[in-house]
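Right, one structure below, let's go through it.
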Amino acid sequence: MNFVYKNILKIPSRLLLSSSLSKTPNFNKLKTTKITQLKQFHTIFPPMGIDNIKHFQKEQEKLAKNGEDALHQELVDEAESEIENLKKQNNGKYPFVLSKNSKLSDFIEANKKNTDRLKLEHPEILELSGKGQSPHTLWIGCSDSRINEATALGVLPGEVFTLRNIANVISSQDFSAMGAIQFAIEVLKVKKIIVCGHTDCGGVWASLSSKKVGGVLDHWLNNVRHVRAHNLKTINSIENPIDKCTKLSELNVINSVHNLKRHPSFVSPYKLGEIEVYGLIYDVKTGYLKEIEIPHDDEFEDVFHVSENGNDDEHNAH
């Protein structure tokens, strides 16, 4: 029947209306109508009624649907098989590139693959990198392996200058951080600074506990513990431990931004509107960033409201 249908479609309408068909039943009704659709054929060829055509079309649709489902399942099976092969080849580290069992040669090979991909996707990047750096942003974040500027922003080499430590702390006692901030502002002339904390931060979890960590970490985490102490009522009002950790992470970001605003290299360009600062939280489960509203820092405004010649208004009045 399929063969017959296909051949009917090939018959020109002028032949269907020729004298050879003049004796066909009901031909007079079709004399002035151009036959172009299958639904009209049943008036000439009774065995090929409209019901048969509809049935044929449904069967064709069913076959096509079954074919699509079969192809989809075949692709899924192939993908799952490929994943299993990758797991075996990667010694169980899939989907990661390297593992704790990786050798130095694995690191070198990973570097080669990554560099080759970078050259293919962005052939001009390494050439630009060889000429120096001019980043637009300073990223101050946590050392956590799940979050960095490339992961969060998808940026390329040369875009973001980075400072990372446990719990994204900014402290005037940390000479390494103070030097990096000075270099980013005064030498690299960055226009934006992002202080980024994240959910499920190990440093924040440790700061919520009364148990000592030991070693230099306890001294370092005192920065976060002080934030907790200053916001104890807010922290204790939260029952869910995960929400409590997230809240302290947010408060810690705010504290770090306030500390950043006291950096000698930051004050002048900030007041002149030459640099912007933002506080963000990265959700390690969703991969999305959320902006944290930074409250007005009255202490910052009071302490650094100084005239160009170093004398305050009260002194100049005398």
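Glycine residues also receive a Cβ, built from the backbone N, Cα and C atoms like all the rest.
Copied from TrEMBL, the annotated features are:
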type    : residues               : note
BINDING : C142, D144, H198, C201 : Zn(2+) binding site
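When Cβ atoms from all protein chains are considered, those within 10 Å of C142 (Zn(2+) binding site) total 24, not counting its own. Within 8 Å of the Cβ centroid of the Zn(2+) site, not counting the listed residues C142, D144, H198, C201, the chain contributes G141, S143, R146, I147, A167, N168, G197, T199, D200, G202, G203, V204, S249, Y282, V284. Non-local neighbourhood of H198 (Zn(2+) binding site): G141, C142, D144, R146, I147, S249, I281, Y282, D283, V284, each in the same chain, at least six residues away, with C-beta under 8 Å from its C-beta.
The Cβ of C201 (Zn(2+) binding site) has 26 other Cβ atoms within 10 Å, all protein chains considered. For D144 (Zn(2+) binding site), the count of additional Cβ atoms within 10 Å of its Cβ stands at 20 [all protein chains shown]. In the three-state DSSP assignment, the secondary structure recorded for C201 (Zn(2+) binding site) is coil.
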